[in-house]
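Per Swiss-Prot, substrate binding site is recorded for 49, 50, 51, 52, 109, 114, 115, 116, 120. Positions annotated as active site, nucleophile by Swiss-Prot, on the basis of sequence analysis: 50. According to Swiss-Prot, the feature site 'Important for activity' maps to 99, an assignment based on sequence analysis. The NADP(+) binding site annotation in Swiss-Prot covers 189, 190, 191, 192, 193, 194, and the record cites sequence analysis as its basis.
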């Protein structure tokens with residue numbers, strides 16, 4: 001049995017290839033069935049995200065194994081083999097285990113240390129459990145990767161610092177406000193960055209969010225997801241006083257929030273502080289707002305400096321994480337090697353028990369016929385000893401005849417002889 005990890009990711013393949021190799025969720029069961037129908041495949045998990053498509057497999061060794069699996073992948077997606085081979089990576093046993101642990105821990109992600117990948121790996125594993133997982137070693141490898149990812153998050157600072165604009169904006173808000181559960185947040189825009197911000201805020205228990213956007217329909221989709229209220233851009237002036245935090249990211253060529261608007265809001269708030277995070281380019285908030293007392297304005301450049309600092313911290317944490325992965329990989333491979341001996345141990349024990357049962361039955365039969373108990377017990381002990389040492393004795397004799405001292409020493413060690 002061999003463990004494999006093969007696939008492509010954002011480092012090896014452009015999006016034009018990644019989208020062709022991806023597995024759609026509605027056809028994943030069909031793909032897994034097709035994969036497990038391959039004679040060499042004992043178990044499989046398919047991980048397919050926007051940044052990677054990977055197959056994790058337990059397989060029987062055979063000639064042309066790599067070619068057979070690449071051919072299946074190309075046939076399934078109707079791809080040219082040469083196009084795929086240039087971007088494909090292939091990891092086996094120790095390297096496959098290490099790769100999965102690194103992926104689950106966020107060490108192989110586009111954004112170093114990002115936590116979302118662990119959920120994606122867990123989902124891929126759960127999908128494979130629906131009648132597709134047949135290899136206990138593969139299952140154990142995934143379970144181990146989950147515990148390693150948790151250990152990496154617990155013992156290092158890999159996820160402690162914001163390295164995306166959206167996450168940095170939320171981190172800044174959490175640093176300034178003791179609790180986000182009691183604040184009101186105004187989000188201006190409804191694009192991808194604001195979507196991420198809204199989800200981060202929801203995770204941190206923000207109860208009241210207002211989304212202001214040019215088109216109500218797009219904003220409403222996000223609002224329904226995070227439980228927010230939707231208003232028009234024209235209503236910002238009137239509603240601004242309600243907001244403790246304003247995070248803005250639109251494509252407007254001109255500022256949406258001016259100094260006068262913020263002055264009026266602060267006056268209505270009796271100068272309770274406001275945090276304004278402007279992550280738009282061009283800027284959505286007039287720079288003069290930052291000069292107002294109790295208005296704390298941060299631009300995208302301010303966030304980038306935070307991100308750069310935090311990325312350096314994550315890279316340092318990643319070094320610690322790699323050490324954990326190396327240690328855990330070594331321990332898992334030791335367990336795997338021990339498993340390979342378990343079948344031999346079971347067979348050896350079964351053979352010994354069969355000999356014991358056979359000779360014990362004969363001894364009991366002799367006792368029932370009135371035979372001498374002491375003689376029967378001595379005969380049982382003698383025969384049992386001879387039967388159990390017969391095969392090891394022959395192996396020792398053969399090793400001695402062959403002059404194979406290494407094998408002789410291994411046999412002596414196995415038999416507990418000094």
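Each Cβ is built from the backbone N, Cα and C atoms, and glycine gets one as well.
This view paints the features noted in Swiss-Prot onto the structure.
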residue : record                        : Cβ contacts under 8 Å, 6 or more apart
50      : active site, nucleophile      : 18, 22
51      : substrate binding site        : 9, 10, 18, 109, 110
99      : site 'Important for activity' : 5, 91, 108
115     : substrate binding site        : 106, 153, 159
189     : NADP(+) binding site          : 212, 213, 248, 249, 250, 251, 280, 284
190     : NADP(+) binding site          : 211, 213, 215, 218, 219, 221, 222
192     : NADP(+) binding site          : none
193     : NADP(+) binding site          : 165, 166, 249, 279
194     : NADP(+) binding site          : 166, 187, 188, 211, 222, 247, 249
Alpha-carbon spacing, residue 120 (substrate binding site) to residue 191 (NADP(+) binding site), which is rounded to whole Å: 23
Coarse DSSP state, helix versus strand versus coil, of residue 190 (NADP(+) binding site): coil
Any further residue of that chain within 8 Å (Cβ to the Cβ centroid of 189, 190, 191, 192, 193, 194) of the recorded NADP(+) site: 187, 195, 196, 197, 249, 250
Neighbour count (Cβ, 10 Å) for residue 191 (NADP(+) binding site): 14
Binding-site residues compared (109, 120) - highest count of Cβ atoms within 10 Å: 109
For residue 49 (substrate binding site), the number of other Cβ atoms found within 10 Å of its own Cβ: 19
49, 50, 51, 52, 109, 114, 115, 116, 120 excluded, remaining Cβ within 8 Å of their centroid (substrate): 106, 110, 117
Alpha-carbon distance [residue 191 (NADP(+) binding site); residue 49 (substrate binding site)] in Å: 21
